[in-house]
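Okay, structure first, notes after.
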Amino acid sequence: MLLGLCSSVIPLPKYFLSKSSQNNFNYSNLILKKKTHQTKIICINNFRQIIIPFSFTSMADLNPSDGNLTQEENSKSIDSSCTEIIVVRHGETDWNALGKMQGQLDVELNEVGRQQAIAVAERLSKEANISAIYSSDLKRALETAETIAAKCGGLEVIREEGLRERHLGDLQGRHYHELAKTATKAYEALRSSRSDEEIPGGGESRDQLYKRCTSALKTIAEKHRGQRVVVVSHGGAIRSLHNRAAEKGQHAGKISNTSVSVLQLSEGDTWSIKSWNDVSHLNESDFLKSAFGGDASSG
């Protein structure tokens, strides 16, 4: 008899696994197949191990499905000591497409970004029991969040300045490929290996960004124990959240526009990643772009 427990790691031969959708680096959504039985799992370390996030006593206990939890199962999956946070990056802007540094400049979505926001909103409308929607107060995030809210029962969007993108100082408004020539000192600060180095012109250090964003998310989590909430933010800010939640050696990779990542924050300030940078809703609608954003770019 096979006994599986929450977060148990079980080695399997590669032929047991088939890819459902590919996410960044170490994270993939996979399907474990046993005759007609399937269940959603997370695979780590080049498909050689799986984490099965629930208990079972035999393969017969695995119910046939399309790999997605039902609404009832989705609701029950959140323990009262945890908060599930669905983190979404805002849709595309013209400055994203042009490779211009946005930082905290208030640039709105372009038409592609609005279509991306509709696509992710349609996807999240199928999530059970979303209790609240939080957003950076910058236009590109706020419009994305409002589009999601309209599809999720008309929830009010709660503005949170702590979810803003990193302030990039003298780099804001400049084309990324020109930075080394037009803003030398600020560019050197951006690329510095020192996480405490601030960007000239009022810009933040990576440490300041990390402290601000993780503090904001922790506060949100404490207000919503046992609940599922949506947070809409920016590339650099989301990278900081990944750095807080990820295990050592795991990298965030590229943060795509309207990508969906799911974090779990538990009592005792324990953070974990359930899924990362999922853009399957964009693959279906041809609005997936190259995602210029990230904390060394336009946000």
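Each Cβ is built from the backbone N, Cα and C atoms, and glycine gets one as well.
Annotation source TrEMBL lists substrate binding site at ARG89, HIS90, GLY91, GLU92, THR93, ASP94, TRP95, ASN96, ARG140. Summarising the annotation, TrEMBL assigns active site, tele-phosphohistidine intermediate to HIS90. Per TrEMBL, active site, proton donor/acceptor is recorded for GLU165.
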- Measure from the CA atom of ARG140 (substrate binding site) to the CA atom of the residue listed as 'active site, tele-phosphohistidine intermediate' and give the result in Å, rounded to a whole number. 6
- Task: For THR93 (substrate binding site), name the DSSP secondary structure in the helix/strand/coil scheme.
- Result: strand
- Message: I'm trying to understand the geometry here, so how far is the Cα atom of THR93 (substrate binding site) from the Cα atom of GLU165 (active site, proton donor/acceptor), in Å to the nearest whole number?
- Response: 14
- Query: How far is it from ARG140 (substrate binding site) to GLU165 (active site, proton donor/acceptor), counting Cα to Cα, in Å?
  - Reply: 11
- Cα of ARG89 (substrate binding site) to Cα of GLU165 (active site, proton donor/acceptor): how many Å, rounded? 10
- One should report the C-alpha separation between GLY91 (substrate binding site) and GLU165 (active site, proton donor/acceptor), rounded to whole angstrom, as 14
- Tell me whether the residue listed as 'active site, proton donor/acceptor' sits in a helix, a strand or coil according to DSSP. coil
- Determine, from DSSP, whether ARG140 (substrate binding site) sits in helix, strand or coil. helix
- Task: Would you mind listing, in sequence order, the residues at least six apart from the residue listed as 'active site, proton donor/acceptor' in the same chain with a Cβ closer than 8 Å to its Cβ?
- Result: GLN102, GLY103, GLN104, SER136, LEU138, SER233, HIS234, GLY235, GLY236, ALA237, GLY299
- Task: Note down the number of other Cβ atoms within 10 Å of the Cβ of HIS90 (active site, tele-phosphohistidine intermediate), including every protein chain shown.
- Result: 34
